[in-house]
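To start, the structure itself, in structure tokens.
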Amino acid sequence: MDAKVVAVLALVLAALCISDGKPVSLSYRCPCRFFESHIARANVKHLKILNTPNCALQIVARLKNNNRQVCIDPKLKWIQEYLEKALNKRLKM
């Protein structure tokens, strides 16, 4: 084999070994790209507040009827009230 071919193959193999297989664009993507704005408070089983440095406030809800997870619009009135109540409760501790 030619030395140039061997060198190129070695570089390609080294690049493949170094890579973790995940594209950079996926590692910084926000979990909630779309928000549901018609979710009633009574249909929510559990809320999870995601705090990531690169994304705005994100709230994920698990629904009661089908156990599905959806991203809820943080501007909903009942979400704002819930967050305010939770913050006040935490400040009193």
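Even glycines carry a Cβ here, placed using N, Cα and C.
Keep in mind the model is a prediction, meaning the values are calculated, not measured.
Range 29-33 is the one annotated as region 'Receptor and heparin binding', of 29-33, 84-88, 89-93 (source: Swiss-Prot). You'll find the Cα of Cys71 (disulfide bond) roughly 10 Å from the Cα of Leu47 (heparin binding site). If you count neighbouring Cβ atoms within 10 Å for each of the recorded positions Cys30, Cys32, Ile49, Cys55, the highest count belongs to Cys32.
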